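Asker: Provided herewith is a single structure, encoded as structure tokens, for subsequent inquiry.
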Amino acid sequence: MTKTINSRLKLQLSNSQKVFEVLNQSVPVLIGIFIFFNPFPHTTAIKEICFYLAVLIVLILVVFRRSTFIFKTPLTLPLIFFLLWATLSIFWSLNMENSIHDVRAHLLNHIILYFLLINSFSSIKGLATLAWIVVISAAIFSLAGMFYFYVTLGNSIGTRFGHLSIGNVANVFPELPVNFSGTVTIFAILICLHYFFQELRLYRRTAIVACLIPLFIATFLTQSNGTFTALMLAITIKLSLKAKKIVPFILLAVAGIVVMTPLKDYIKISSLESRSKINYVTYEVIKDYPIAGIGFGMQTFIENIDKKSYINSIPKKKRPTEIYTPHNWLLSIAVRLGIIGLILFLYIIVVFGKMCWETIRNPKDDDIKDWGYCTVIAFVAYFTIGIVEPVFLFKASATIFYVILAMITILWRLNQGEAT
């Protein structure tokens, strides 16, 4: 009788262990699917199911102590401080409803995603898997997007990829508008270049080039000054580290492409001037709400600020023809959360930089060092786009920021011997 009971208990324990093992393995799959569909339009339901199901599974695993979920990282406190200040901004927000929504649906979810990523892809193989998901997703998005935009819709090659000015339709891809798509494609390009210099086998390099071609074409077809600048800066830094001799030839080739294509008509100083005028208005709003800002909600500036009165109060030479939202991610944070919020956000960036320095300066091996450089360059490209665009305005582009944070955290932990 006792033997029978013991055997039943062992069977139940074995079955429960299998269930928890399946749950543990399902989290990376769900998060991988979420990251894959990140740039694609009309996939909100898929992404939300994957995200919230992953969160639920992690909660179950933590409650039953079946997971060693890591919360302690150098970025934990900076992210929490920023979240707390954003949450407090709800009480003085000019648009409380929008601030509540954006704190929960954007900031909180992205911070949760960061922790899900560093736990789901904590090994060097896991990091490589995450990187390939980003590359394949971006390559398919670029290839399918260009086919749909230029072939199916019949737009001319001179039309900016994904952008239409017909009626109320400005962007064909609402998840990732034209000026923001570089946050995804350039990130994927840098990962491809990382793999290209690592791989020696021809068939693998061919596969990498097959991904690079649509990514490069899609990036150029955006005809975005910020995206183009970020791409050139990132590639120059990358090649300076790996192939210094070919950098001048690459730059000459790019210059030739610009001169011989419609790109030359879009790279204009006037674009920078219009953004500087928009940011001048933003600066005037910041002066009226310097310490705490107008509230975290990203629609607050759009809907609750009397922009016309601000425009009329500044010199005519500095008045923008139109203004929708701040065209600089740091100014966007400053106007929404004030100087305190901006300082807290810069704290995140400083800690990120410190982690990058420690990882690259004293790497455990060359693989970690190379990935560290790749992550740093990806951040430089992202930051460059952020100088001229509010990259946190859309979830798809904002997600890339937290993927970059997660990647350096994984590398830092591996380098410190805190992960395997």
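Using N, Cα and C of the backbone, Cβ positions are placed for all residues, glycine too.
Caution: TrEMBL annotation is automatic and unverified by curators.
Pasting the feature list from TrEMBL:
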TRANSMEM  20-37  transmembrane segment
TRANSMEM  49-69  transmembrane segment
TRANSMEM  75-95  transmembrane segment
TRANSMEM  107-124  transmembrane segment
TRANSMEM  130-151  transmembrane segment
TRANSMEM  172-197  transmembrane segment
TRANSMEM  203-234  transmembrane segment
DOMAIN    211-346  domain 'O-antigen ligase-related'
TRANSMEM  246-263  transmembrane segment
TRANSMEM  329-350  transmembrane segment
TRANSMEM  371-388  transmembrane segment
TRANSMEM  394-414  transmembrane segment
Asker: Please give the sequence-distant neighbours of the transmembrane segment (172-197): residues at least 6 beyond its ends with Cβ less than 8 Å from one of its Cβ atoms.
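Answerer: Tertiary neighbours of the transmembrane segment (172-197) are 38-41, 43, 131-132, 134-135, 137-139, 141-142, 145, 148-149, 153, 160-164, 204-205, 208-209, 211-212, 215-216, 218-219, 222-224, 226-227, 230-231, 234-235, 238, 242-243, 370-371, 374, 377-378, 381-382, 385, 388-389, 391, 393-397, 400, 403-404.
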Asker: Is the transmembrane segment (329-350) in contact with the transmembrane segment (75-95), using at least 3 Cβ pairs under 8 Å (sequence separation of 6 or more) as the test?
Answerer: yes
Asker: So what's near the transmembrane segment (49-69) in sequence-distant terms, Cβ-Cβ under 8 Å and 6+ beyond its ends?
Answerer: 20, 23-24, 26-27, 30-31, 33-34, 37, 109, 112-113, 115-116, 119
Asker: Mean pLDDT over the domain 'O-antigen ligase-related' (211-346): what is the value?
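Answerer: It averages 83.
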Asker: State the residues, same chain only, that lie 6 or more residues beyond the ends of the transmembrane segment (20-37) and have a CB under 8 A from a CB inside it; answer 'none' if no residue qualifies.
Answerer: 43, 46-47, 50-51, 53-54, 57-58, 60-61, 64, 66-67, 113, 116-117, 119-121, 126, 129-130, 133-134, 136-137, 399, 403
Asker: Please determine whether the transmembrane segment (394-414) and the transmembrane segment (107-124) are in contact (criterion: at least three Cβ-Cβ distances under 8 Å, sequence separation 6 or more).
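Answerer: Between the transmembrane segment (394-414) and the transmembrane segment (107-124), contact is present.
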Asker: Need a quick answer: max count of Cβ pairs under 8 Å to the transmembrane segment (130-151), which of 107-124, 203-234, 329-350 is it?
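Answerer: Selected stretch: 203-234, with the most Cβ pairs under 8 Å.
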